[in-house]
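A.B. asks: Input: one structure, supplied below.
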Amino acid sequence: MKSDSLPNPQKTFHVKSFGCQMNVYDGERMAEMLGAEGYVAAADGADADLVVLNTCHIREKAAEKVYSDIGRLKRADGSTPTIAVAGCVAQAEGAEIARRAPSVDVVVGPQAYHRLPGLIARAERGEKAVDLDMPLESKFGALPKRSGNQRPTAFLTVQEGCDKFCTYCVVPYTRGAEISRPFADLIAEARALVAGGVREITLLGQNVNAWDGEDEQGRAIGLDGLIRELAKEDGLERIRYTTSHPNDMTDGLIAAHGEIEKLMPFLHLPVQAGSDRILAAMNRSHSVDSYLRVIERVREARPDIAISGDFIVGFPGETEEDFDKTMKLIEDVGFDTSFSFIYSRRPGTPAASMEDQVEEAVMNDRLQRLQALLNEQQQGFNEATVGRATRLLLERKGKHDGQLIGKSPWLQSVHVTAPGLAIGDMVDVRVTSAGPNSLGAELLMEAVA
Ligand code: SAH
Ligand code: SF4
Ligand code: F3S
């Protein structure tokens with residue numbers, strides 16, 4: 001359906017998303033919506049009529065990048081496309097963005113992007129259009145239905161927002177309070193994706209394991225109940241979820257890892273630090289011990305599960321002794337993959353005004369030591385996969401002729417030479433080699449036959 005608010009239906013657009021997977025999902029929904037409004041996708045921002053920068057505010061570097069990106073959108077003749085800044089920087093900085101970067105026409109927050117067409121129309125009339133509402137009615141109902149995305153894997157946002165208020169983090173301010181999307185909407189969206197050829201769905205939320213809802217019979221269910229229902233869908237082969245908070249790892253969800261075959265053996269469970277004193281100052285509301293206990297129980301339920309973590313080094317007040325405890329926790333858990341960051345002081349968060357901010361050089365040194373250990377663990381995990389028979393979902397073409405790249409159940413990228421096979425196929429392989437970031441494999445004979 002075309003809205004009459006857009007005067008020229010053949011304009012081109014480009015959406016560029018930064019930050020987390022939820023932003024990637026939002027960017028896809030924006031693109032689908034603009035498509036439904038008659039816009040045509042342009043491969044590149046430079047020659048599009050409309051550019052949407054879907055931004056991330058999590059660390060200073062990510063947030064500042066927006067302004068250099070806006071600067072680059074100038075064309076040879078000095079003109080600029082219509083520029084919309086969406087996402088978490090939009091929510092955090094609001095109208096200030098258009099003041100700092102006058103070429104910005106639209107500023108729209110993560111809960112209001114379903115109103116983008118109307119905002120663009122206002123911008124085309126020469127107004128600066130800013131919408132940072134977090135409306136009670138959810139944007140999801142106003143967006144066009146999913147069309148399936150021609151790819152074998154898809155994201156599906158099931159939960160948004162955060163009520164945890166870790167003292168370093170902007171997300172509760174940029175995304176708002178925790179909400180769970182209704183069960184029936186999620187089943188419908190998953191079915192549309194599967195009908196469009198999707199074989200793996202990753203359920204998303206800032207605290208995805210805080211999802212709750214009611215099933216068709218009106219029974220209260222948690223994320224494990226949703227996963228159980230989704231697993232019944234024919235054609236859907238794999239289910240993943242991210243990101244989880246340790247305190248929301250319910251008994252049911254832990255048990256689901258041992259019971260639901262389609263639920264992949266991978267858990268991303270950020271811990272941030274290994275010192276209880278720092279965890280308390282971060283307001284994480286879990287301890288080192290409670291985190292270790294969750295990991296232990298998940299491994300009991302699913303012994304081969306891969307564990308992934310997030311870490312922050314240099315939180316205010318972090319001493320060498322605190323940092324050693326983080327290294328100890330890493331040794332104790334053994335992370336199969338991970339993300340680690342230097343603490344970034346974010347305006348408006350409680351930690352930004354804490355005393356004892358750690359010096360840059362100290363943070364850099366700690367990050368290097370931390371990453372050396374984490375990289376070693378990741379390499380060790382990848383090497384331990386060599387020789388294993390496993391199944392891949394082929395996701396994209398590799399560099400060489402006949403080469404395809406798929407994902408293992410443990411989310412590793414695996415290269416395989418498989419002439420005659422296509423993206424979207426599932427194939428049995430044996431892993432033959434391991435690098436730090438990817439594996440090599442050969443087809444199992446059965447698969448060729
Ligand atoms: N909801 C998730 C992840 C949110 S943001 C969770 O609870 O963990 C993703 C990661 O960014 C976080 O896990 C954290 O490691 C990192 N992060 C968030 N704020 C940060 C900051 N101010 N400085 C550095 N890293 C940060
Ligand atoms: Fe940020 Fe903490 Fe919420 Fe994660 S749980 S989004 S780190 S406030
Ligand atoms: Fe960034 Fe917002 Fe995601 S701040 S990490 S895009 S929730």
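From the backbone N, Cα and C atoms, a Cβ is placed for every residue, glycine too.
Feature list, courtesy of TrEMBL:
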type: DOMAIN; residues: 11-125; note: domain 'MTTase N-terminal'
type: BINDING; residues: Cys20, Cys56, Cys88; note: [4Fe-4S] cluster 1 binding site
type: DOMAIN; residues: 148-382; note: domain 'Radical SAM core'
type: BINDING; residues: Cys162, Cys166, Cys169; note: [4Fe-4S] cluster 2 binding site
type: DOMAIN; residues: 383-445; note: domain 'TRAM'
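On this model, are these features tucked inside or out on the surface, and what's nearby?
C.D. replies: Neighbour count (other Cβ atoms within 10 Å of the Cβ, all protein chains): 19 for Cys20 ([4Fe-4S] cluster 1 binding site).
For the recorded site, Cys166 ([4Fe-4S] cluster 2 binding site), the DSSP three-state label reads coil.
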A.B. asks: Closest to Cys56 ([4Fe-4S] cluster 1 binding site): which of the binding-site residues Cys162, Cys166, Cys169, going by Cα position?
C.D. replies: Cys169
A.B. asks: When you measure from the Cβ of Cys162 ([4Fe-4S] cluster 2 binding site), how many other Cβ atoms are you left with inside 10 Å?
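C.D. replies: Around Cys162 ([4Fe-4S] cluster 2 binding site), other Cβ atoms within 10 Å: 22.
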A.B. asks: Hey, what's the Cβ neighbour count for Cys169 ([4Fe-4S] cluster 2 binding site) at 10 Å?
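C.D. replies: So the Cβ neighbour count for Cys169 ([4Fe-4S] cluster 2 binding site) comes to 22.
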A.B. asks: What same-chain residues, at least 6 away in sequence, bring their CB to under 8 Å of the CB of Cys166 ([4Fe-4S] cluster 2 binding site)?
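C.D. replies: Sequence-distant Cβ neighbours: Gln272, Met282, Asn283, Arg284.
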A.B. asks: Per DSSP, how many helix, strand and coil residues does the domain 'TRAM' (383-445) have?
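C.D. replies: So the counts come to 4 helix, 34 strand, 25 coil.
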A.B. asks: In angstrom units, rounded to an integer, how far apart are the Cα atoms of Cys20 ([4Fe-4S] cluster 1 binding site) and Cys169 ([4Fe-4S] cluster 2 binding site)?
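C.D. replies: That comes out at 14 Å between the alpha carbons.
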